[in-house]
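One structure is given here, and the rest of the page talks about it.
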Amino acid sequence: MKPFCVFLTFFLLLAASSKKVDSAETVSFNFNSFSEGNPAINFQGDVTVLSNGNIQLTNLNKVNSVGRVLYAMPVRIWSSATGNVASFLTSFSFEMKDIKDYDPADGIIFFIAPEDTQIPAGSIGGGTLGVSDTKGAGHFVGVEFDTYSNSEYNDPPTDHVGIDVNSVDSVKTVPWNSVSGAVVKVTVIYDSSTKTLSVAVTNDNGDITTIAQVVDLKAKLPERVKFGFSASGSLGGRQIHLIRSWSFTSTLITTTRRSIDNNEKKIMNMASA
């Protein structure tokens, strides 16, 4: 092979290898407020967009109200071609307000579900949080901010943050001090290398609540999912559930170590020929 051809082949293989090393699929968005006509957001159930740009998830005048908001575009959280799983970081703020003559219920859940997710047909009663049937079962992974203790779902006796996997009977919970009218800021991180879902909840007085749990998203969810929020109320339990802001970034490496190694071997063989 002529020297120029050797150099050109070497250069192209090197470029291809470098591209594969850096190849990733990224989804990123940021909502400081919301509007009803935004095509990037899907609404389900009793959602209302307020004039101040907040999303109110439930209808206070309706028994067993359920409302959900989702990012409209599906996100690929793992690859069937490579087996790789995405890592993600999301931050959001919300507010829950008690109302007169009702128990404060039932809370908000940040959830991940199949891309065709809808409010479950049997999702009545506040304890379902709009993501499960009346037995507590569904197809989702979520972080719940629960303000009502439902004994049928083994809730602890206090307000709590819980990590849910296909059920509102949480796999792990920690106590949390929910304050009516307080703006709560949350950061959720999923580290695909350790399969760990970590959550930090900051109340407006500076108190921080943390919780973490190993969750294999590839084993629990399909390749393409949607991210969103849901809330629900019941006959005697209602409160105002507001989503104020939301940012999100996910990264899925789209190449395998094997494909990178193969290119590197080709480069070394060409260099030694």
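The backbone N, Cα and C atoms fix where each Cβ goes, and this holds for glycine too.
Given the structure is predicted, the values throughout are model-derived calculations rather than measurements.
In sequence order, ASP106, GLY107, LEU129, ASP155, ASP159, HIS160, VAL161, GLY162, THR173 constitute the residues six or more apart from ASP146 (Mn(2+) binding site) in its chain with CB-CB distances below 8 Å. Sequence annotations record features per position, and here Swiss-Prot assigns Mn(2+) binding site to GLU144, ASP146, ASP155, HIS160.
Annotation source Swiss-Prot lists Ca(2+) binding site at ASP146, TYR148, ASN150, ASP155. For the recorded site, ASP155 (Mn(2+) binding site), the DSSP three-state label reads coil.
Sequence annotations record features per position, and here Swiss-Prot assigns signal peptide to 1-23.
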(request) Enumerate the residues of the same chain, GLU144, ASP146, ASP155, HIS160 excluded, that satisfy the criterion Cβ within 8 A of the mean position of the Cβ atoms of the recorded Mn(2+) site; list them in sequence order. (result) GLY107, PHE145, THR147, TYR148, SER149, PRO156, ASP159, VAL161, GLY162, VAL168, SER170, THR173
(request) List, in sequence order, the residues of the same chain other than ASP146, TYR148, ASN150, ASP155 whose Cβ lies within 8 Å of the centroid of the Cβ atoms of the recorded Ca(2+) site. (result) ALA105, ASP106, GLY107, GLY127, THR147, SER149, TYR153, HIS160
